[in-house]
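Q: The structure under discussion is supplied below as structure tokens; questions concerning it will follow.
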Amino acid sequence: MFDGYDSCSEDTSSSSSSEESEEEVAPLPSNLPIIKNNGQVYTYPDGKSGMATCEMCGMVGVRDAFYSKTKRFCSVSCSRSYSSNSKKASILARLQGKPPTKKAKVLQKQPLVAKLAAYAQYQATLQNQAKTKSAVSMEGFSWGNYISSNSFIAAPVTCFKHAPMGTCWGDISENVRVEVPNTDCSLPTKVFWIAGIVKLAGYNALLRYEGFENDSGLDFWCNICGSDIHPVGWCAASGKPLVPPRTIQHKYTNWKAFLVKRLTGAKTLPPDFSQKVSESMQYPFKPCMRVEVVDKRHLCRTRVAVVESVIGGRLRLVYEESEDRTDDFWCHMHSPLIHHIGWSRSIGHRFKRSDITKKQDGHFDTPPHLFAKVKEVDQSGEWFKEGMKLEAIDPLNLSTICVATIRKVLADGFLMIGIDGSEAADGSDWFCYHATSPSIFPVGFCEINMIELTPPRGYTKLPFKWFDYLRETGSIAAPVKLFNKDVPNHGFRVGMKLEAVDLMEPRLICVATVTRIIHRLLRIHFDGWEEEYDQWVDCESPDLYPVGWCQLTGYQLQPPASQSSRESQSGSSKQKKKAKSQQYKGHKKMTTLQLKEELIDGEDYNFLQGASDQESNGSANFYIKQEP
């Protein structure tokens, strides 16, 4: 495990430079370990590390491997060539860019030394520039700084089964050791050192180099699934050098013994961790696949769309009739809003026929088995009926749970739901939920769980009472036993941070917080925005992601809104506030999104159902009263 490291020199003198050469160019710091290509750190018999530079060709190497007693040349050929004064003078002039002088006795490859010093200075400059940029730029939002400065807690990766590593995260926790690049080093080549996890926030980990003890001066955040994070022992197996940080290099004379003592019994990443990360980021959906997806202009029907791109399992779908390919819709590949071709016909759902009668070249239907499966239900016995009342999350305003009615019963357990008091006469704003959807609730759910229920628009008999409303409308409530009562052990806690899709603008993923938990229902607040923008989302929704997901997948994360942008948007919303229609026209966040491809905004605001229709794996009393 420790073959990548032998020892580290504390010597302060150079073994291959003279006083005269030092006047020309500063020599290499002699306290740096000497690295060979295979990662070994070589030492003198007396314990002092050493290197040498060929005075003829300038090659840097291990001093013991050089030719002659004086170790001035890398080979016999260089030793003989050096005897020619004319050769020496021409080489010196070429390397130094000036006529030879008497001081230039030793023909070291001084430009290399100068480049090393310049490289170290360049790296320091870049680090300073990066710190300055992150401090002032909203585009440079840092989860690490945001969490550390506010002592926030992030939802663990295991809460997100649909996310990479969500089902195989294992025992990754604080104190796990990893091998990471050593940034506190001036060597031009990438070297590594061992660090321990101080704090975990989703995919991001706050790391501290071994040897710093309680000193947090060089702590740094990184994505634990990144390509530069490795289990302990990877350097030895890969022939990479382990070099202690420059700041603490003087603390120990025997770093190998220190590492053995510190790492004995410590946990590290599984050897196949990077392979698992790679495998978990392979997605079956591919561009040019055809699907049926909700029509964002008429929620009651579906349309054919084509997968344009796939980012982290999220699909950019372009409606098939869009000639300029700007009429798009974003959702996750496990979203309950997308289905295989022919799904609408099979269950009796309304469907908009495409004007395109023939598939475009290269387009093909997505295999049905790739879509999220819903729980099978038995509709032969007592079942939902048209006209039954219930409570449902409004897909056009996901911050509210409303009085709703079953308008049509479809096959395979699907229901068409309408929001009371705001339905269109032709039913064009009905929307489809599965009977097991965690976004529909029995009558009385909000009252029992102290959630504000939104009454029908225009209903004046307030406060709203279900008993009175059912009697006035001559309706009955849907039986409680028909609703999904499964509550998985999801692991979310109030106050946890995460990255969440703004379901009113589903191409945006924002910094968010869990503010309430009602069984499996989560109240998601978008940091920096008012509570009116909050959204109710199921705990297993594929539109929730761990902290660091955007960085891992290359998606653009929207930082918390600034006060000025909130005030500007709030004033605009009040002036333009209108009655709700099929296309959501309010509560839009004015933010920018830069993805790998250019996205052109349309006039329509997108709708996305805030729940997953997947079967849960736990159970709990649906009517347990919980504190708000």
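Each Cβ is built from the backbone N, Cα and C atoms, and glycine gets one as well.
All TrEMBL annotations are machine predictions without curation.
Okay, so TrEMBL annotates it like this:
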- 1-31: region 'Disordered' (REGION)
- 45-80: domain 'FCS-type' (DOMAIN)
- 141-245: repeat 'MBT' (REPEAT)
- 253-349: repeat 'MBT' (REPEAT)
- 351-456: repeat 'MBT' (REPEAT)
- 464-560: repeat 'MBT' (REPEAT)
- 560-590: region 'Disordered' (REGION)
- 562-573: compositional bias 'Low complexity' (COMPBIAS)
- 574-590: compositional bias 'Basic residues' (COMPBIAS)
Q: With DSSP helix as H/G/I and strand as E/B, how many residues of the repeat 'MBT' (253-349) fall in helix, strand and coil?
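A: Going by DSSP assignments, the repeat 'MBT' (253-349) contains 22 helix, 35 strand, 40 coil.
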Q: Rank 141-245, 253-349, 351-456 by Cβ pairs under 8 Å to the repeat 'MBT' (464-560) and hand me the top one.
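A: Per the Cβ under 8 Å count, 141-245.
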Q: Please work out the mean pLDDT for the residues of the domain 'FCS-type' (45-80).
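A: Looking only at the domain 'FCS-type' (45-80), pLDDT averages out to 60.
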